[in-house]
Structure formats: C-alpha cells, structure tokens
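What follows is a short report on a single structure.
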Amino acid sequence: MLLAELAEVSRAVAATPARLEKVALLSEALRRLAPDERAVGASWLAGDLAGGRVGIGAATLRAALEAAPPGAAGPGLTVGEVDAALRRIAAAAGPGSGAARRRELDALLARAGDPERRFLAALVLGELRQGALEGVLSDAVARVAGLPGAEVRRAAMLAGALPPVAEAALAEGAAGLARFRLRVGEPVSPMLAQTAAGVDEALRALGGEAALEWKLDGARIQAHRDGDEVRVFSRSLREVTAAVPEVVALLRAAPEPLLVLDGEAIALRADGTPEPFQVTMRRFGRKLDVERLAPDLPLTAFFFDALVAGGGELLGAPERERWAALERAIPAERRVPRLVTGDAAEARAFLEEALARGQEGVVAKALDAPYEAGRRGAAWLKVKRAHTLDLVVLAAEWGSGRRRGWLSNLHLGARDPATGEFVMLGKTFKGMTDAMLAWQTERLKALATGPLDAWQVPVRPELVVEVAFDGIQASPRYPGGLALRFARVKRYREDKRPEDADTIETVRGLYGG
C-alpha cells in the first residue's frame, strides 16, 4: 500500500466525527494493506510508530522539512519502504549516528509528497491524533476478520497492543486470536481506576456495596511466579525483577507455584507511613546498585489482585473470587487493607484511616467485575482527600523574575477519549521547587515542537503531571468550558503515559458532582 493512500485514510478519519464512518474507513484500509504491512499499518493508524521512537526531535525534523526539495510527484513511497527507513533511523547508534539519521530522513522526505510529509511529521512527533483510537480500530479489525469485537479487544488487552493482534486476526482469524492469552512470565497492561469525588458517590456508582482498598502511594508492580522463576514488571511493563529482591523472596515463599499478582511496592518509614513517592522510585532507577540501596531503603510489597492463582487464569472471574484466591496465596500482612461495605459512614471512616496513615486514599471496586487489563473502567473508582488529576503538559511559558531562564507556567490538558486530543484546563506555575523547575525546563526543551525563543513553547503531549486543585469552575476561556481553581503541581508521574491521564469526562463529572 502506498503511504499516500494511508495518509489520505488518516485525513479522512480525522475529518469525520462519526464512529461508524471511522470504522468503515479503517476497515477498507486494513483490507488494502498487504499481509506484511498490516501490523505496521494498524500501528500507524492508531498514531504510533511500529518500532517505537526513532530518535528524531522536532528541531531536526523541522530543519529537514525546510531543506527538503518540493514535494515529489509520482508513484511515491510504500508503507513497507517507510517502515524499513524508520527502523534504520531508530537503529542508528554511536559516533556519527545523528548525521546518519539525518541522511536517512532527508532521503525519505525527498521521495515524499506534501501530504505524505505531513503524515510522517505528525507520526514521528507523536502528534497523529486522528480519532482512530484502539476501540475504533479494534472494531475495524473485527469487521474485516469476521470476528466478535469483544474477542479482538480481549486479545489486544492480553498482547498489550493492537497491531500484532490485527496482523494475526486478519491472517488467521479465530486461530490467530487464540495465541493471545495470559502467560505467566509475560506482563499484561494493568487495570486502571476512574476518579470519584467521594466514597458516597463511589458506592452509589457501584450499586451500593463495594470493596474499598487503601490506595497506596507506591509503585505499581505485577509479579509473576512459575516455580522458582519469579519476574516482576512495572506499570509500564518494564521488567524490574533485579530492583525488587524483596518481592522475589515473597513470591517464592508463597504456597502456590503458579501466580500472577497485581500490587504495589512501597518504601515505608519506621512508623509504617510511606516515604514520598520519589523516594520509593529510587529503587527503580535504570542505573541501580540494589545491594547498596536495599538495606537503607527496603521495599514492602502489598497485593490487591490475583490474575493467576489456584492453577488457573482469573481475568474473567468476579473481583470477590480473585480476592479470595489472593487470600489463599499471600498472607494478610502483604495484602492491602480492605473493607467490603455499603455503609457510607463506614466507608468515609475507612478513607480517613488511609489518609491518616499517609496513603493517597482508597479505591472502590465492584465485587462482580472482571479484571479488565489495560482499561480505565468504571468498575474501579479512586477517591483521594484533595482533588487531584493526572494531566498532560501541552505547553510552557518562560518565567520572569526569580524564574527567568526556566520554563515555568505549564499549560495543562485532560485526555478526550473520543478524539485522542487533549483539552486544556488551565495553567499553573505553583508548587514547583527549584529542582523541579530545572528538571522540567530541560525535559520540556527536548519535547518542544516550536521555537524555544518564543515566550510560549508548545511541546509534545508526553509528560504526565499530578495536579492538586481546590475546585472546578465554568470558563469560556478554554475549549472544554471548564478550568481548575488554584491548581498546583504535586509531582511528575514518569511512570504514567499520556494515555493514562485523566479524561475530560472525569473532569466534567467532578464539576457536575
């Protein structure tokens, strides 16, 4: 398939708000992709580079586009040719790699027409937001393959990504999907929680009775045991086994030889309250001397879900059954504190106890809900003391006075799941230490998509920041019609992706509640 054809599909998908029309356009594109192009094409239609980041920043891309000759006419580039070129760019390393990447990029752009260049630029910078979200694309894959959409979504959940599932489903149908199952030793994306304004609202939303568990201020982990082999993965599915020998020892001591558990690892003070999140995260650095750090900064694991236990997979089992399996596998002192109740006063007291012990709050869970890996579903609702949201930095302004020379005033946005875009909710320069200002300036400069000498610098929407605020008010200034009151930065969440940010629906729910 020609890149120009895929770029036109992307443009058409972005132009229509109708979900069914998006599915129809994507279905036709998937049919036209050659078998060896399907995984790449599906990835690009979802706005992701098939091979990951290629090491080309906004400044390099802008310079290459400015230097490129007039857009090419003629047969143009194929999807396969472009994928191969991007993989060569990504693989360039060592002395001279920057120049090598630029040569490959120049050669690619020289063969591309203007629509192809626009598509490539957005794809490389992570800005291809066309509304072809995984749910829509999953429906398109299901339509072309003649399979139930739920089966495609489940396979994508277990694979951690849709493109390999699309390739298998389109080539082999149901037999291809059957290969995607939960395997001990291979991580799956964790289930996530939506935000509720309070425990009363959470109980009402979950039907009156729910399980409430402390929301620990630690690092999310997924621990796998197969006999003596234990592997531990982070929230982002990076293997961190070497960083957490305490977790490895705990699982090896468990009475069951086959386990996949979901939980948190946290550094605790002598009184049992948590160390700051940043302190816990020191144990997860990429350059790590565990033997030196562990004695002074031990980690304690607390688990709250069982995905495999009792000899079988439990993803589809109700939450109450998964908890019962966890009780049989892990001692009480290594499970999160939990209360099953339908009494709002009892739930509020449980929340206050968690907050008094220094934890973030509670998570309310529907007792009959399955484990929906990779989804921020309505079956889990998190409640914190002060309102906080995980938002994405969209731009930053240069500071003045004491903050001169630092990118200071952050533009903050919530995710719109309908479009894949981010909806701005306001700005803040509050809550930042000098160290944070220095760090974010360098990080945001690397993400810049516009000139650094302008007073306002737009950036790729990649940094997730936890923001506290006092309330939400109507505001005609911003596209979503809402703004945060007295927003201040609590911390950056480098363990979260932009897709993990809170949604504009969550913000509207908090405003309406």
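The backbone N, Cα and C atoms fix where each Cβ goes, glycine too.
What Swiss-Prot lists as active site, N6-AMP-lysine intermediate is Lys215, and the listing cites sequence analysis. Among the features that Swiss-Prot reports, ATP binding site is placed at Glu213, Arg220, Arg235, Glu264, Phe304, Arg376, Lys382.
In sequence order, Ala193, Gln194, Thr195, Ala196, Lys215, Glu360, Gly361, Val362, Val363, Ala364 are the residues near Lys382 (ATP binding site), counting only same-chain partners six or more apart with C-beta under 8 A.
Its own atom aside, the Cβ of Arg235 (ATP binding site) has 20 Cβ atoms within 10 angstroms in the protein chains shown. Around the Cβ of Phe304 (ATP binding site), 24 further Cβ atoms fall within 10 Å across all displayed protein chains. Of all the recorded positions listed here (Lys215, Arg220, Arg376), it is Arg220 whose C-beta has the fewest other C-beta atoms within 10 angstroms.
All protein chains included, Glu213 (ATP binding site) registers 23 other Cβ atoms within 10 Å of its own Cβ.
For the binding site of ATP, formed by Glu213, Arg220, Arg235, Glu264, Phe304, Arg376, Lys382 according to the record, the largest Cα to Cα distance is 19 Å, rounded to a whole number.
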